[in-house]
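Reading through the structure tokens given below for one structure.
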């Protein structure tokens with residue numbers, strides 16, 4: 001997704017001057033629209049967090065005697081080619097996948113927010129320097145930049161996290177910079193300038209509170225995108241490394257056995273799809289809710 005498309009999705013009040021009848025729903029209606037995907041995401045997060053309690057077995061225990069066992073009472077989701085319990089690996093895999101996705105999202109939004117505020121508020125050479133860096137990095141596709149960073153650092157969880165943040169903050173910084181430039185023209189910010197308020201007070205009191213709704217929407221929309229990226233790169237062997245349980249790793253392990261036992265790939269695939277869909281629906285609902293507030 002380009003920076004312009006992301007900006008249009010995250011900050012509709014700035015990018016969409018025309019509002020149709022479909023946008024005029026009440027706040028309660030929009031809040032209800034975000035309830036179901038929010039509950040779904042919370043359920044996945046709780047299941048991953050409570051994996052040590054919910055998992056019936058150690059996810060890395062190998063039992064070749066029950067390899068590729070069909071789903072049943074003893075193994076609700078069956079076992080993989082090494083006899084490892086799929087339900088346990090699914091729960092622990094969600095823990096690894098979702099924690100990496102959440103950490104990447106927080107890093108991207110935080111760095112993008114700091115860079116955007118610095119460029120938009122400071123102006124001058126600071127703005128020129130940051131804008132030049134953004135222009136250069138935005139010329140590269142984010143996936144290509146992610147792969148380049150991974151190629152330098154090598155595969156692994158830490159390398160993947162650095163690559164996700166390094167490639168993802170750029171578009172957000174441009175969005176926040178544009179928002180800060182618009183906020184600086186508001187009367188209450190100009191009044192604070194005229195009253196002699198310090199730069200730190202203006203940023204903390206007037207700019208950040210108005211940027212936080214956009215940051216929340218961007219973070220929610222990022223969850224689905226980053227989840228797919230993390231799972232894809234782990235599937236290709238460039239992210240989380242075996243034998244650590246991860247949804248992308250589980251898909252890769254299930255690939256040779258898809259014909260004879262499709263449930264090996266079905267469970268992690270459904271989880272990836274459900275979380276990505278829920279995060280996108282929640283992001284859209286929150287975006288609309290923020291739009292009504294403006």
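These residue numbers are counts, starting from 1, taken along the chain as shown.
Placed from the backbone N, Cα and C atoms, the Cβ positions cover glycine too.
TrEMBL entries are annotated by machine, without manual review.
Here TrEMBL gives transmembrane segment for one range in the set 10-32, 33-55: that range is 33-55. The highest tally of CB pairs under 8 A with the transmembrane segment (257-278), across 128-153, 159-176, 211-237, is held by 211-237.
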